[in-house]
Amino acid sequence: MAIMSDKWIKEAVINQSMISPFAEKQVRVHNKEKIISYGLSSYGYDARVSNEFKIFTNINSTTVDPKNFSEYNLVDREVDVCIIPPNSFALGRTIEYFKIPRDVLVICVGKSTYARCGIIVNVTPLEPEWEGHVTLEFSNTTPLPAKIYANEGACQFLFLKSDQICDTSYADRQGKYMKQVGVTLPLT
């Protein structure tokens, strides 16, 4: 597997609609204000988080169960700045919609701007032929409230192209998160 360059990413966007919307260069300023960057980089793509968040709460005294997940664990917010309570967790989603080619696996890493503030972004790999909005998991590891800025960069996707096509893609096995739109909760 090889990591793919900005040139390859641009071609995949043009020929396969791999990322939509797509920023062809790094965007660091919006309306004359500095922002957390997003857009195409040398060997990846920095995606933005939308203004749709689900923040974990304990007001309903529920238990987090991945096999029987309750929406009562969360508070929904549509905001420009999401404040995650200390040592807590929130879900968001990318603005960008991804369509992954059959011979590509995508890995996501966090942005250093957030990591240096104790905010960790986690995403499981985007598998071959998966498509949808990516649900982002934000963990505030600090004892202080932490801000996540909607419509700004949140994470970087790295595209790994295989020299072999997989026998069974995510689409072939009808994966449960296929074509997800919005913040998607755990499914079993």
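Glycine too: its Cβ is placed from the backbone N, Cα and C atoms.
If you check Swiss-Prot, you get these features:
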ACT_SITE  Glu137  active site, proton donor/acceptor
BINDING   Lys111, Ser112, Thr113, Tyr114, Ala115, Arg116, Thr135, Leu136, Glu137, Gln156, Tyr170, Lys179, Gln180  dCTP binding site
When you measure from the Cβ of Thr135 (dCTP binding site), how many other Cβ atoms are you left with inside 10 Å? 19
Those binding-site residues listed as Thr113, Gln180, and which of them has the most Cβ atoms within 10 Å of its own Cβ: Gln180
Round to the nearest Å and give the CA-to-CA distance linking Tyr170 (dCTP binding site) with Glu137 (active site, proton donor/acceptor). 21
For Ala115 (dCTP binding site), which DSSP three-state class applies? helix
Only counting partners 6 or more residues apart, tell me which same-chain residues put their Cβ under 8 Å from the Cβ of Lys111 (dCTP binding site). Ile36, Ser37, Asp46, Val121, Gly153, Ala154, Cys155, Gln156
In Å, how large is the greatest distance between any two Cα atoms among Lys111, Ser112, Thr113, Tyr114, Ala115, Arg116, Thr135, Leu136, Glu137, Gln156, Tyr170, Lys179, Gln180, the listed binders of dCTP? 34
For a quick check of packing: other C-beta atoms within 10 Å of the C-beta of Ala115 (dCTP binding site), how many? 13
Residue with minimal Cβ packing [other Cβ atoms within 10 Å] among the recorded positions Glu137, Tyr170: Glu137
